[in-house]
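Q: A single structure is presented below for examination.
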Amino acid sequence: MASKAAPSCRLVFCLLISAAVLRPGLGWYTVNSAYGDTIIMPCRVDVPQNLMFGKWKYEKPDGSPVFIAFRSSTKKSVQYDDVPEYKDRLNLSENYTLSISNAKISDEKRFVCMLVTEDDVFEAPTVVKVFKQPSKPEIVSKAPFLETDKLKKLGECISKDSYPDGNITWYRNGKVLQPLEGAVVIIFRKQMDSVTQLYTMTSSLEYKTTKADIQMPFTCSVTYYGPSGQKTVYSEQAVFDIYYPTEQVTIQVLPSKNAIKEGDNITLKCLGNGNPPPEEFLFYLPGQPEGIRSSNTYTLTDVKRNATGDYKCSLVDKKSMIASAAITVHYLDLSLNPSGEVTKQIGDALPVSCTISASRNATVVWMKDNVKLRSSPSFSSLHYQDAGNYVCETALQEVEGLKKRESLTLIVEGKPQIKMTKKTDPSGLSKTIICHVEGFPKPAIQWTITGSGSVINQAKESPYINGRYYSKIIISPEENVTLTCTAENQLERTVNSLNVSANENKEKVNDQAKLIVGIVVGLLLAALVAGVVYWLYMKKSKTASKHVNKDLGNMEENKKLEENNHKTEA
């Protein structure tokens, strides 16, 4: 309600100090401002026509007024009272709206706008509320780890510079944590800065964790009031390392226990499922009742087949918590009999055996000169083609690198054996003599000829394959001759001969001469008939009679020459 001066007091001074009441219709008015912003307070009173001046004041907690601004309606001048906390922060407009820059918590007061006329004082109060948003909450003093079934301080959630003070809430995996005796203990406290009058809120959380809290996020939030109402700000997530005891022990074998072979190194690795994991264990080897204390690994080097067995490990302080693994050390033995280089005679028998001893079924492969054989070799009577390099190879398919092989180099020796053949040329003028030789080491072949005849070409030899080869010569004998083939190696010298007759050659030449004579006689008879016919023709012609006689004479001479020539050739 508006206040009115007493009738006996007409002076302005009396009006200002007189008691005033609000006019009906002007209730409390609140201005909300954010910390640091400008507070704007309208006067909320209609300016009267006979206004003399306007003033703003605020009330102390004890109700006494403090004037801070004055504005005359006539001089249009503004005066600000000497109040230190509002120095250079006030602005009074022509419509008597008061602005206070850089809002502070101390600005939370009851301000009053006063418009003064000669007769009346009109007042309009305004309550100022200042709000400060707190800092984003942060989880500090975090525990390096939490232990299951133990109540332990998890950390503190802190939010600073708030006005008014806010409230802090804890969350586990997004769900609100409520105090629970012996499991969740929350202690909240707040502190106000005496200078800034801003609050710092702190909430500590003691928490009894379980294995279900592994990788679970914890957060906190601060709820506060601002100019536009209630708001909430959340912290970043925090995940804690959860310590829990070992409940199970496992043992690992490296490399894989299905692929261990003699000569390998075995590493046993013992693991506990606790956090942190155990650092020491007891390892038990087959046949050894006492455990060997070691870190979480134990290595055996160059293992043998007798290392096959059950291997165990346990906790040092809890031997009943134990794990075991069965290990098989695979082995593979091969024995080839005979082996190495073996020399035998042709026709000999040679039993060959490849004996395998292994930790499981093994594959066996025979090779001869790098070619796979369909079956294992067996020699009841050796041949030259049986010679070569034999390899027996075995392997365990499931165990990488477990292979064995032994070789047999078989040498088949034999004395030279000779077989001679001949072949007559279709013309009958030459003969091919072949000396077939077998034996090992390779025999050297030498030819000798007894009798007259010419060797048309030098001896030619075939490749030496499987202990066999041949040598051949081509000859045209003028008489019966004897060809001798000599084969010699380190074991023996062998000689064989072949008689070659010249008769067949002469008969064939006579037959050819008779054929030539017959051909010549036929030609002479044909020429004679032709001459008689020609003579008869010429006789009819008188002019040519002399020539005919002369030609006939010449023809007879030619015939005689031809006959002599044929005889000579024959």
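For all residues, glycine too, the Cβ spot is worked out from N, Cα and C.
According to TrEMBL, the feature compositional bias 'Basic and acidic residues' maps to 556-570. Marked as domain 'Ig-like' by TrEMBL: 125-234, 245-328, 347-409, 416-501. Sequence annotations record features per position, and here TrEMBL assigns region 'Disordered' to 549-570. Look at TrEMBL and you will find 1-27 tagged as signal peptide. The annotation transmembrane segment is assigned in TrEMBL to 515-537.
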Q: With DSSP as the yardstick, break the domain 'Ig-like' (347-409) down into helix, strand and coil residue counts.
A: 3 helix, 31 strand, 29 coil
Q: By DSSP, what is the split of the domain 'Ig-like' (416-501) into helix, strand and coil residues?
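A: Taking the domain 'Ig-like' (416-501) as a whole: 0 helix, 62 strand, 24 coil.
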Q: By DSSP, what is the split of the domain 'Ig-like' (125-234) into helix, strand and coil residues?
A: 3 helix, 70 strand, 37 coil
Q: Between 0 and 100, where does the mean pLDDT of the domain 'Ig-like' (416-501) sit?
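A: Within the domain 'Ig-like' (416-501), the model's average pLDDT equals 84.
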Q: Counting by DSSP secondary structure, give me helix, strand and coil numbers for the domain 'Ig-like' (245-328).
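A: Its residues divide into 3 helix, 39 strand, 42 coil.
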